[in-house]
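Accompanying notes for the structure given below.
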Amino acid sequence: MSAGGAGGEATGGIPQNKLIALGTLGGLAGAYGGHFLSVASPAFAFIGALGAICAIVWGGAAVRRVASYGLGTGVPSIGMMALGMGVVASMFGLAVGGIAGPIVAFITAAIIGLVIGVLANKVLGMGIPIMEQSMTEIAGAGALTIIGLSVAMTGTFMFDAVLETVVATGYIAVIFIAGGMAILHPFNANLGPDEKQDRTLMTGVEKGAITMVVAGIVATVADGASAIPSILIGVIIWYIAFSKYVKLVNRDAYKVLGTGLLPTEEELE
Amino acid sequence: MEPLMGMGVLALMGAAATIAGTTEDLESDVGSQSNPNSQVQLAPQMMYPHRIYNKAISGEPPSNALICAIGGTVASVLMTASLSVIFAIAIGALVATAVHGTYCITAYMGRTASQKRFRQPIYLDILRSHTPVMMGYAFITTFCILVVSYIMVAVLAHPFPLTLLAFIWGITVGAIGSSTGDVHYGAEREFQNVEFGSGLNAANSGNIVRKAESGLRNGIDNSWFCAKFGGPVTGLAFGMTVFLSGWVTAVFNPATSLTMGWLSVAAGVILVLLMIIWNRKIEVAARKAFGPYKEEEEVAA
């Protein structure tokens, strides 16, 4: 039943390797850029959230690829799992890694993802050809999303500051759910046989921008990060992405009607 | 705290939770979220195009966890900036509602656009009329969940921060809305043209009721139906969960002695057992009272 995806490999659009490069390099550059430039001025903390958006788009693309094998109701689960693996890996990485924290977290996430992917295919017998690679990608994207948003909230990825401002205050909960939804929602919202990659990824940018705004709101109570740049840039990115998304929907839909009756029998034939 | 005060606080939390549960279920009914969504999604593919809002944000637990966590975050930030609690909670719920609106719109437009080959049009009037209704319900849900979470932090001195509590209660209200409320929309409303209790025959898949008493049926018609029973019963279920889970420790306070702690555990276990027996009795009575379901059961046995 194609209600849960086309049942085969997702096709079209930007090749996955380019998106992997965007997510990994963008995510790490965002985390490090936000961290080092925030020392000069807290206003630069928003760069962390830009990195998170790159990671979210990558994660959304990876979910799209693996969920196209008919994973209908499993799409939300896989998004939550991405951030579940990401939280474990990023806390571990930041705790032991010091300045190499994001890289350690990223590698840890990739290993956890690979193990879960192998378990899913070999032990549970899900038999999805790209499962191992996709779980590795999703876990990595989840970890980079968490680190990027933490940098936007605190201005640093040093474990003590993140623990104090993000974890102890409970804001990690909003990172978890807003980041996870941003990764799972793009494919879930556009699920169907006529899904297009550019529309799905544009939803990812739009949802990523919302997480950026939320991170900016949290930054108002943090010393190392300024709120205004994150909120302002987040709202601008959201507006642009949302307008583009609506354009793409108008391009792809069968009809966009102000109002009207159902299609007639002849029309459906 | 005085035991009587404790009971009063619990009653307030229970009342807020009851409202939150009701509005959570009605919100999901307007947009056909969660379990009933699969049939709304399937209908155009089986040649049944419709004018029902197709909103798959995810299951209800993550989607409510999202709005409650965002509301909790904003409220907590505003309280840190020493704004009054009521304003902080109201503004938090407002921001969460705005985010929820964007999720609703992308879900409806995206899913419908991806059904091009089944000739399902996007109706903008459905988008414009339903999205504010869902945002309104989401606002009430978030507000009430934040009230419950705030009372736990400020009055009951719960060790968790506000955001985390709101997140956890968001998952809980979504889970209860999904398990209790969906039945009254899915089986009873989408398939009210088939005999009660007959289950969903594969041949009926996607053949949901698309025409209303007058005109074409939409999501708001569905919430009108669910507001009679499904929504309130979800509210009662969630209110009871919040009230009873707090009641056992309010009556037998574990802080006073270890014995009291064990008594509260025993009281909790007894309550759960009572519920199981009660539910079983309702199920058996329903099977006896209604026809085809019972006959088929006997044949199968």
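Glycine is treated like the rest: Cβ placed from N, Cα and C.
TrEMBL lists A:43-63 (among others) with the feature transmembrane segment.
Here TrEMBL flags A:75-97 (among others) as transmembrane segment.
Per TrEMBL, transmembrane segment is recorded for A:103-124 (among others).
The transmembrane segment annotation in TrEMBL covers A:136-159 (among others). Tertiary proximity for the transmembrane segment (A:136-159) is limited to same-chain residues at least six positions away from its ends with a CB under 8 Å from its CB atoms, namely 20, 23-24, 27-28, 30-31, 34-35, 38, 42, 45-56, 58-59, 62-63, 66, 78, 81-87, 89-90, 93-95, 98, 101-102, 105-106, 108-110, 112-114, 116-117, 165-166, 171-172, 175-176, 178-180, 182-183, 211-212, 215-216, 218-219, 222-225, 230.
Taken from TrEMBL, the feature transmembrane segment covers A:165-187 (among others). Same-chain neighbours of the transmembrane segment (A:165-187): 52, 56, 59-60, 63-64, 67, 75-76, 78-80, 82-83, 86-87, 91, 138, 141-142, 145-146, 149-150, 153-154, 195, 200-201, 203-204, 207-208, 210-211, 214-215, 218, 221-222, counting only residues six or more beyond its ends whose CB sits under 8 Å from a CB of the stretch.
If one looks beyond the transmembrane segment (A:208-241) by at least 6 residues along the same chain, the residues whose Cβ comes under 8 Å of a Cβ in the stretch are 38, 41-46, 48-50, 52-53, 56-57, 145, 149, 151-156, 161, 165-166, 171, 174-175, 178-179, 182, 202. Annotation comment: TrEMBL describes A:208-241 (among others) as transmembrane segment.
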Is the transmembrane segment (A:75-97) packed against any residues at least 6 beyond its ends, judged by a Cβ distance under 8 Å, and which are they?
59, 63, 66-67, 103-109, 112-113, 116, 138-139, 141-147, 150, 157-159, 162, 167, 172, 176-177, 179-181, 183-185, 187-188, 191
